[in-house]
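Asker: Just lifted these from Swiss-Prot, have a look:
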- R23, E81, K120, K446: (6S)-5-formyl-5,6,7,8-tetrahydrofolate binding site (BINDING)
- 216-370: domain 'TrmE-type G' (DOMAIN)
- 226-231, 245-251, 270-273: GTP binding site (BINDING)
- N226, S245, I247, T250: K(+) binding site (BINDING)
- S230, T251: Mg(2+) binding site (BINDING)
Amino acid sequence: MFENDTIVAIATANGIGSISIVRVSGAKALEIATKISKKNNFKARLATLSTIYDSKNEIIDEALVIYFKSPFSFTGEDVVEFQCHGGVAISNMIVDEVLNAGARLANPGEFSKRAFFNNKIDLTKAEAISKIIEARSADAVKLLARQLKGELTNFVDEIREDLLFMLAYTEVSIDYAEEDLPTDIYEQIENKMQKISLKLSNTLEASRRREGMIEGFKVAIIGKPNVGKSSLLNKLLNFDRAIISDIAGTTRDTIEESVRIGTHIIKIVDTAGIRDASDVIEKIGIEKSIQAINEADIVIALFDNSKICDDEDKKILDLIKENSDKKVIVVLNKSDLQNQFDKNVLDSFIELSTKEDINPLIKELELILDSNTFGDDITLVSKRQVLAVENTLYNIGLAKEPLKSGELEFFAHFITQALEDISSITRPYDNDEMLDVMFGEFCLGK
């Protein structure tokens, strides 16, 4: 739980700006606002222009003061916001006066924590608030806005409702065997289990596909040494991030940079050239390259049109086949130079010249990124949420055999575990909810 006191913090980012907001939450919020403004006529949800004074009765600033009366506030408590002139000094001076009047500094995330304990938000909304502040792309903002609106909460509630249904009927079967139950109840339960499993599996698949929407999709550029990987990276970034040299093995480590493609943020990884290397440091770089490929959402495989397809190129082609689950864009570089490369070994490819722009590659990247981000599938935005869904699926899987064999106590145990797992996404599971369903659905003790 949290302390039942009054907290204060600056709600806007540090630095120079036109406006700063100081937020106060707790039972003494209105009292403190009255004290430091010498006004007592604040009305809920109305902005009042007020002069803010320090303890020596000297003017600090003129600010708009907005009072949110409990429970109609973000935290569910009395909240006062001081919208003062921007900059570091003024907002800190107001915070000092609020502290002198009886508040304490808020801990990181404490306003959201209070909102959670006062049932103003659930854990999914708390996570969305945290991540939307750090969002770097329009994709991320749109995805997190859906979670803020309650999309994931509604999804979890539907799963919980079905699991509570199963558990309620199972408990009745165990404790009140003489009760008349629907003849097809176990068939209903089995069907619900199948539907839940499919929903959760689809959600996990969509979430893995869209994982890069929040942090940025990882794009690995691979190819043998001196094929033009660093040059391509620099063209994508529009500045010289990687050293360009005719000497094979110049890039000995992975280089990672972020860039915007359309509405998407991608993290481009320029890998060390993949070949049989004798240099120890270069070998480490190649190992990191292979790791980068394994971790990438999209792979750009680069080949040199002006050189024959050799064993090193074939090694790259083998890597592509080994990573067939990934989106791979094959690029035949230096297409304006004399053709030496056997194009028949490539199923499909994009040609890039040394003189023209890379728009064909940009368009292909955008198509793949769009396909990963568009759609109405429920998406999990944190590892905590993913783990909760995985555990729910696992326990539903364990419950199947006891249901078939009639071992209802074991079945109830695994369904209870699944219920606790899925509930942890929004807020901890309360066993009283299951009892409410059980006693509400059946006439026990008639």
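Glycine is treated like the rest: Cβ placed from N, Cα and C.
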Asker: To the nearest Å, how far is the Cα of K229 (GTP binding site) from the Cα of E81 ((6S)-5-formyl-5,6,7,8-tetrahydrofolate binding site)?
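Answerer: Checking the Cα atoms of K229 (GTP binding site) and E81 ((6S)-5-formyl-5,6,7,8-tetrahydrofolate binding site) gives a distance of 52 Å.
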Asker: Would you kindly give the Cα-Cα distance separating S230 (Mg(2+) binding site) and K120 ((6S)-5-formyl-5,6,7,8-tetrahydrofolate binding site), rounded to the nearest Å?
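Answerer: Spelling it out, the Cα of K120 ((6S)-5-formyl-5,6,7,8-tetrahydrofolate binding site) and the Cα of S230 (Mg(2+) binding site) are 50 Å apart.
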Asker: Counting across all protein chains present, how many other Cβ atoms fall within 10 Å of the Cβ of E81 ((6S)-5-formyl-5,6,7,8-tetrahydrofolate binding site)?
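Answerer: Around the Cβ of E81 ((6S)-5-formyl-5,6,7,8-tetrahydrofolate binding site), 22 other Cβ atoms lie within 10 Å.
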Asker: What mean pLDDT does the predicted model reach across the domain 'TrmE-type G' (216-370)?
Answerer: 77
Asker: By Cβ count within 10 Å, point out the most packed of the binding-site residues listed: R23, K120, K229.
Answerer: K229
Asker: With every protein chain in view, what's the tally of Cβ atoms within 10 Å of the Cβ of S230 (Mg(2+) binding site), excluding that atom itself?
Answerer: 21
Asker: Between the Cα atoms of R23 ((6S)-5-formyl-5,6,7,8-tetrahydrofolate binding site) and S230 (Mg(2+) binding site), what distance do you get, rounded to the nearest Å?
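Answerer: About 48 Å separate the Cα atoms of these two residues.
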Asker: Reduce the DSSP letter at N226 (GTP binding site) to three states and note it down.
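Answerer: Note: N226 (GTP binding site) is coil by DSSP, not helix or strand.
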Asker: Would you kindly give the Cα-Cα distance separating E81 ((6S)-5-formyl-5,6,7,8-tetrahydrofolate binding site) and S230 (Mg(2+) binding site), rounded to the nearest Å?
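Answerer: Cα-Cα distance, S230 (Mg(2+) binding site) to E81 ((6S)-5-formyl-5,6,7,8-tetrahydrofolate binding site): 51 Å.
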